[in-house]
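Worksheet: the structure to be examined is printed underneath.
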(Lines of atoms letter the chains of each structure in order from A; the text may use other names.)
(Lines give C-alpha, C1' and ligand atoms only; values in the text may rest on other atoms or scores of the structure.)
Protein backbone atom coordinates (compact mmCIF):
# COMPACT_ATOMS: atom_id res chain seq x y z
CA UNK A 1 0.00 0.00 0.00
CA UNK A 2 1.45 3.34 -0.99
CA UNK A 3 2.12 5.76 1.85
CA UNK A 4 0.46 9.14 1.44
CA UNK A 5 1.24 12.31 3.34
CA UNK A 6 -0.94 12.91 6.41
CA UNK A 7 -4.17 14.82 6.23
CA UNK A 8 -4.12 18.44 7.29
CA UNK A 9 -6.18 18.80 10.51
CA UNK A 10 -9.40 20.80 10.19
CA UNK A 11 -8.49 23.51 12.61
CA UNK A 12 -7.29 27.08 12.50
CA UNK A 13 -3.56 26.67 12.41
CA UNK A 14 -1.13 29.47 13.01
CA UNK A 15 1.98 28.36 11.18
CA UNK A 16 4.33 30.95 12.68
CA UNK A 17 3.39 29.81 16.22
CA UNK A 18 4.93 26.30 16.11
CA UNK A 19 7.64 27.23 18.54
CA UNK A 20 5.28 29.02 20.92
CA UNK A 21 2.38 26.62 20.80
CA UNK A 22 2.69 25.91 24.47
CA UNK A 23 1.11 29.18 25.53
CA UNK A 24 -1.54 28.93 22.88
CA UNK A 25 -2.67 25.49 24.00
CA UNK A 26 -2.50 26.41 27.66
CA UNK A 27 -4.87 29.30 27.03
CA UNK A 28 -7.46 27.26 25.14
CA UNK A 29 -7.84 24.36 27.58
CA UNK A 30 -7.65 20.58 27.53
CA UNK A 31 -9.52 20.14 24.25
CA UNK A 32 -6.89 22.02 22.32
CA UNK A 33 -4.13 20.13 24.09
CA UNK A 34 -5.36 16.82 22.70
CA UNK A 35 -5.93 18.15 19.19
CA UNK A 36 -3.14 17.28 16.76
CA UNK A 37 -0.71 19.94 15.58
CA UNK A 38 2.13 20.05 13.11
CA UNK A 39 4.71 20.39 15.87
CA UNK A 40 4.90 16.61 16.08
CA UNK A 41 6.23 16.45 12.55
CA UNK A 42 8.78 19.17 13.14
CA UNK A 43 10.12 17.28 16.19
CA UNK A 44 11.09 14.29 14.00
CA UNK A 45 14.56 14.30 12.39
CA UNK A 46 14.66 15.88 8.97
CA UNK A 47 16.09 13.89 6.07
CA UNK A 48 19.27 15.11 4.42
CA UNK A 49 18.58 17.66 1.71
CA UNK A 50 20.77 20.22 -0.04
CA UNK A 51 21.81 22.94 2.33
CA UNK A 52 23.64 26.16 1.63
CA UNK A 53 27.29 26.38 2.54
CA UNK A 54 27.95 26.70 6.29
CA UNK A 55 27.93 30.19 7.69
CA UNK A 56 30.01 31.55 10.53
CA UNK A 57 29.27 30.26 14.02
CA UNK A 58 27.78 33.48 15.35
CA UNK A 59 25.15 33.84 12.60
CA UNK A 60 24.36 30.16 11.88
CA UNK A 61 21.27 29.85 14.06
CA UNK A 62 19.70 33.06 12.76
CA UNK A 63 20.28 32.05 9.13
CA UNK A 64 18.73 28.60 9.74
CA UNK A 65 15.59 30.12 11.25
CA UNK A 66 15.23 32.45 8.27
CA UNK A 67 15.52 29.52 5.85
CA UNK A 68 12.83 27.57 7.70
CA UNK A 69 10.50 30.56 7.63
CA UNK A 70 10.95 31.07 3.86
CA UNK A 71 10.32 27.35 3.02
CA UNK A 72 6.77 26.41 1.93
CA UNK A 73 4.69 24.59 4.53
CA UNK A 74 3.85 21.61 2.33
CA UNK A 75 7.56 20.92 1.73
CA UNK A 76 8.25 20.72 5.46
CA UNK A 77 5.22 18.53 5.97
CA UNK A 78 6.21 16.11 3.21
CA UNK A 79 9.84 15.89 4.32
CA UNK A 80 8.90 15.44 7.97
CA UNK A 81 6.38 12.73 7.09
CA UNK A 82 8.92 10.76 5.03
CA UNK A 83 11.52 11.06 7.78
CA UNK A 84 9.02 9.90 10.36
CA UNK A 85 8.11 6.89 8.22
CA UNK A 86 11.73 5.94 7.78
CA UNK A 87 12.58 6.28 11.45
CA UNK A 88 9.42 4.62 12.74
CA UNK A 89 9.05 0.93 13.47
CA UNK A 90 5.71 -0.51 14.47
CA UNK A 91 5.69 -4.17 15.44
CA UNK A 92 1.97 -4.63 14.86
CA UNK A 93 -1.18 -2.63 14.30
CA UNK A 94 -2.01 -2.78 18.02
CA UNK A 95 1.19 -0.90 18.96
CA UNK A 96 0.52 2.64 20.06
CA UNK A 97 3.11 4.54 18.02
CA UNK A 98 6.40 4.07 16.25
CA UNK A 99 9.82 4.17 17.83
CA UNK A 100 11.27 7.46 16.63
CA UNK A 101 14.92 8.16 16.06
CA UNK A 102 16.59 10.51 18.52
CA UNK A 103 15.95 14.15 17.68
CA UNK A 104 18.91 16.10 16.48
CA UNK A 105 20.13 19.04 18.49
CA UNK A 106 19.42 21.47 15.67
CA UNK A 107 15.70 20.64 15.50
CA UNK A 108 15.12 19.94 19.20
CA UNK A 109 13.85 23.38 20.09
CA UNK A 110 11.55 23.90 17.13
CA UNK A 111 8.46 21.90 18.16
CA UNK A 112 9.48 20.04 21.32
CA UNK A 113 6.76 21.54 23.48
CA UNK A 114 3.95 20.62 21.12
CA UNK A 115 5.34 17.11 20.60
CA UNK A 116 5.51 16.44 24.34
CA UNK A 117 1.84 17.35 24.76
CA UNK A 118 0.73 14.84 22.13
CA UNK A 119 -0.02 11.35 23.42
CA UNK A 120 0.09 8.04 21.61
CA UNK A 121 -3.60 8.05 20.73
CA UNK A 122 -3.38 11.37 18.89
CA UNK A 123 -0.41 10.16 16.89
CA UNK A 124 -2.31 6.99 16.05
CA UNK A 125 -5.23 9.09 14.81
CA UNK A 126 -2.82 10.94 12.52
CA UNK A 127 -1.60 7.66 11.01
CA UNK A 128 -5.07 6.14 10.73
CA UNK A 129 -4.47 5.46 7.02
CA UNK A 130 -1.99 2.69 7.91
CA UNK A 131 -4.42 0.78 10.06
CA UNK A 132 -6.33 -2.23 8.84
CA UNK A 133 -9.90 -1.76 7.56
CA UNK A 134 -12.64 -2.19 10.16
CA UNK A 135 -14.47 -5.55 10.47
CA UNK A 136 -17.59 -6.19 8.33
CA UNK A 137 -20.06 -5.41 11.11
CA UNK A 138 -18.54 -1.93 11.51
CA UNK A 139 -18.50 -0.99 7.81
CA UNK A 140 -21.93 0.75 7.79
CA UNK A 141 -20.78 3.03 10.62
CA UNK A 142 -17.53 3.98 8.83
CA UNK A 143 -18.76 7.39 7.56
CA UNK A 144 -19.94 8.41 11.01
CA UNK A 145 -16.66 7.29 12.55
CA UNK A 146 -14.66 9.22 9.95
CA UNK A 147 -16.75 12.32 10.61
CA UNK A 148 -16.24 12.11 14.37
CA UNK A 149 -13.86 14.33 16.21
CA UNK A 150 -10.28 13.29 17.17
CA UNK A 151 -11.37 13.00 20.79
CA UNK A 152 -13.64 10.06 19.86
CA UNK A 153 -10.71 8.31 18.22
CA UNK A 154 -8.64 8.96 21.30
CA UNK A 155 -11.26 7.47 23.64
CA UNK A 156 -11.57 4.35 21.49
CA UNK A 157 -7.82 3.91 21.40
CA UNK A 158 -7.64 4.42 25.19
CA UNK A 159 -10.18 1.63 25.71
CA UNK A 160 -8.24 -0.70 23.41
CA UNK A 161 -4.98 0.08 25.20
CA UNK A 162 -6.54 -0.49 28.64
CA UNK A 163 -7.99 -3.79 27.46
CA UNK A 164 -4.62 -4.90 26.11
CA UNK A 165 -2.90 -4.00 29.37
CA UNK A 166 -5.54 -5.93 31.35
CA UNK A 167 -5.11 -9.01 29.15
CA UNK A 168 -1.33 -8.79 29.48
CA UNK A 169 -1.53 -8.55 33.28
CA UNK A 170 -3.94 -11.48 33.37
CA UNK A 171 -1.60 -13.58 31.23
CA UNK A 172 1.32 -12.71 33.50
CA UNK A 173 -0.68 -13.69 36.57
CA UNK A 174 -1.71 -16.96 34.95
CA UNK A 175 1.82 -17.72 33.80
CA UNK A 176 3.35 -17.08 37.23
CA UNK A 177 4.07 -20.23 39.20
CA UNK A 178 3.43 -20.59 42.96
CA UNK A 179 7.13 -21.19 43.53
CA UNK A 180 8.02 -17.93 41.76
CA UNK A 181 5.36 -15.32 42.62
CA UNK A 182 4.91 -12.31 40.41
CA UNK A 183 5.23 -9.77 43.22
CA UNK A 184 5.75 -10.28 46.97
CA UNK A 185 3.05 -7.72 47.79
CA UNK A 186 0.22 -9.67 46.11
CA UNK A 187 1.29 -13.23 47.07
CA UNK A 188 1.35 -14.45 50.67
CA UNK A 189 4.38 -16.65 51.48
CA UNK A 190 2.35 -18.72 53.93
CA UNK A 191 -0.24 -19.37 51.28
CA UNK A 192 2.48 -20.40 48.84
CA UNK A 193 3.97 -22.78 51.41
CA UNK A 194 0.55 -24.22 52.15
CA UNK A 195 -0.11 -24.76 48.46
CA UNK A 196 3.27 -26.44 48.01
CA UNK A 197 2.67 -28.65 51.06
CA UNK A 198 -0.76 -29.64 49.74
CA UNK A 199 0.71 -30.49 46.35
CA UNK A 200 3.48 -32.57 47.93
CA UNK A 201 1.02 -34.45 50.13
CA UNK A 202 -1.26 -35.05 47.15
CA UNK A 203 1.70 -36.34 45.15
CA UNK A 204 2.72 -38.67 48.00
CA UNK A 205 -0.82 -39.97 48.31
CA UNK A 206 -0.94 -40.61 44.57
CA UNK A 207 2.36 -42.51 44.80
CA UNK A 208 1.03 -44.61 47.69
CA UNK A 209 -2.14 -45.37 45.78
CA UNK A 210 -0.15 -46.43 42.74
CA UNK A 211 2.05 -48.68 44.88
CA UNK A 212 -0.99 -50.24 46.54
CA UNK A 213 -2.61 -50.80 43.16
CA UNK A 214 0.57 -52.42 41.81
CA UNK A 215 0.76 -54.71 44.86
CA UNK A 216 -2.86 -55.73 44.39
CA UNK A 217 -2.22 -56.45 40.72
CA UNK A 218 0.78 -58.62 41.60
CA UNK A 219 -1.22 -60.54 44.22
CA UNK A 220 -4.08 -61.03 41.76
CA UNK A 221 -1.63 -62.32 39.15
CA UNK A 222 -0.07 -64.80 41.61
CA UNK A 223 -3.48 -66.01 42.74
CA UNK A 224 -4.60 -66.49 39.16
CA UNK A 225 -1.45 -68.54 38.52
CA UNK A 226 -2.19 -70.73 41.55
CA UNK A 227 -5.78 -71.16 40.46
CA UNK A 228 -4.70 -72.20 36.97
CA UNK A 229 -2.25 -74.72 38.50
CA UNK A 230 -4.74 -76.16 41.01
CA UNK A 231 -7.75 -76.27 38.71
CA UNK A 232 -6.87 -79.69 37.14
CA UNK A 233 -6.27 -81.22 40.57
CA UNK A 234 -9.53 -79.82 41.86
CA UNK A 235 -11.34 -81.26 38.84
CA UNK A 236 -9.73 -84.68 39.42
CA UNK A 237 -10.65 -84.67 43.11
CA UNK A 238 -14.19 -83.66 42.25
CA UNK A 239 -14.45 -86.60 39.86
CA UNK A 240 -13.10 -88.94 42.55
CA UNK A 241 -15.60 -87.57 45.04
CA UNK A 242 -18.47 -88.23 42.63
CA UNK A 243 -17.23 -91.80 42.12
CA UNK A 244 -16.92 -92.37 45.87
CA UNK A 245 -20.38 -90.94 46.41
CA UNK A 246 -21.81 -93.39 43.87
CA UNK A 247 -19.98 -96.33 45.49
CA UNK A 248 -21.19 -95.26 48.91
CA UNK A 249 -24.79 -95.24 47.70
CA UNK A 250 -24.37 -98.80 46.31
CA UNK A 251 -22.90 -99.96 49.59
CA UNK A 252 -25.79 -98.46 51.51
CA UNK A 253 -28.27 -100.28 49.30
CA UNK A 254 -26.45 -103.59 49.83
CA UNK A 255 -26.32 -103.07 53.58
CA UNK A 256 -30.07 -102.49 53.60
CA UNK A 257 -30.64 -105.69 51.59
CA UNK A 258 -28.42 -107.72 53.94
CA UNK A 259 -30.22 -106.34 56.97
CA UNK A 260 -33.53 -107.40 55.48
CA UNK A 261 -32.20 -110.92 54.75
CA UNK A 262 -30.96 -111.18 58.33
CA UNK A 263 -34.37 -110.26 59.62
CA UNK A 264 -35.96 -112.94 57.44
CA UNK A 265 -33.41 -115.52 58.58
CA UNK A 266 -33.87 -114.63 62.22
CA UNK A 267 -37.61 -115.01 61.89
CA UNK A 268 -37.22 -118.42 60.22
CA UNK A 269 -34.79 -119.63 62.90
CA UNK A 270 -37.17 -118.73 65.73
CA UNK A 271 -40.04 -120.51 64.04
CA UNK A 272 -37.91 -123.65 63.50
CA UNK A 273 -36.82 -123.61 67.12
CA UNK A 274 -40.39 -123.43 68.23
CA UNK A 275 -41.36 -126.36 65.99
CA UNK A 276 -38.41 -128.43 67.22
CA UNK A 277 -39.26 -127.72 70.84
CA UNK A 278 -42.82 -128.81 70.22
CA UNK A 279 -41.73 -132.09 68.63
CA UNK A 280 -39.25 -133.11 71.41
CA UNK A 281 -40.47 -135.47 74.34
CA UNK A 282 -40.97 -133.97 77.79
CA UNK A 283 -37.97 -133.91 80.13
CA UNK A 284 -37.62 -136.65 82.94
CA UNK A 285 -37.34 -135.60 86.63
CA UNK A 286 -34.08 -136.19 88.55
CA UNK A 287 -33.85 -138.35 91.65
CA UNK A 288 -31.43 -137.48 94.45
CA UNK A 289 -29.23 -135.44 92.34
CA UNK A 290 -28.68 -138.17 89.72
CA UNK A 291 -29.77 -137.17 86.24
CA UNK A 292 -32.46 -139.20 84.58
CA UNK A 293 -30.20 -140.23 81.79
CA UNK A 294 -27.59 -141.81 84.23
CA UNK A 295 -27.63 -145.22 85.87
CA UNK A 296 -26.88 -145.84 89.54
CA UNK A 297 -24.92 -148.72 91.10
CA UNK A 298 -28.01 -150.63 92.22
CA UNK A 299 -30.81 -152.14 90.27
CA UNK A 300 -32.80 -149.85 88.04
CA UNK A 301 -35.71 -148.32 89.96
CA UNK A 302 -39.19 -148.73 88.80
CA UNK A 303 -41.42 -145.98 87.65
CA UNK A 304 -43.98 -144.82 90.12
CA UNK A 305 -46.58 -143.55 87.72
CA UNK A 306 -47.39 -146.88 86.14
CA UNK A 307 -47.53 -148.47 89.55
CA UNK A 308 -50.06 -145.98 90.71
CA UNK A 309 -52.14 -146.50 87.61
CA UNK A 310 -52.12 -150.33 87.84
CA UNK A 311 -53.12 -150.94 91.41
CA UNK A 312 -52.39 -150.53 95.00
CA UNK A 313 -50.63 -153.86 95.66
CA UNK A 314 -47.50 -153.00 93.89
CA UNK A 315 -47.77 -149.54 95.37
CA UNK A 316 -47.81 -150.97 98.77
CA UNK A 317 -44.84 -153.31 98.17
CA UNK A 318 -42.68 -150.45 96.92
CA UNK A 319 -41.54 -149.29 100.38
CA UNK A 320 -40.41 -152.84 101.24
CA UNK A 321 -38.20 -152.87 98.24
CA UNK A 322 -36.75 -149.58 99.18
CA UNK A 323 -36.19 -150.76 102.73
CA UNK A 324 -34.64 -153.99 101.52
CA UNK A 325 -32.42 -152.09 99.20
CA UNK A 326 -30.71 -150.07 101.92
CA UNK A 327 -30.56 -152.17 105.12
CA UNK A 328 -27.68 -150.14 106.58
CA UNK A 329 -29.73 -146.97 106.46
CA UNK A 330 -31.87 -148.23 109.31
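Any Cβ shown, glycine's included, is placed from N, Cα and C.
Pulled from Swiss-Prot, these are the features on record:
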REGION    1-207  region 'Disordered'
COMPBIAS  21-34  compositional bias 'Basic residues'
COMPBIAS  45-56  compositional bias 'Pro residues'
COMPBIAS  57-72  compositional bias 'Low complexity'
COMPBIAS  139-151  compositional bias 'Low complexity'
COMPBIAS  155-166  compositional bias 'Basic and acidic residues'
DOMAIN    188-244  domain 'bZIP'
REGION    190-209  region 'Basic motif'
REGION    216-244  region 'Leucine-zipper'
REGION    267-330  region 'Disordered'
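For the region 'Leucine-zipper' (216-244), the mean pLDDT of the prediction comes to 95. Secondary structure by DSSP for the region 'Basic motif' (190-209): 20 helix, 0 strand, 0 coil.
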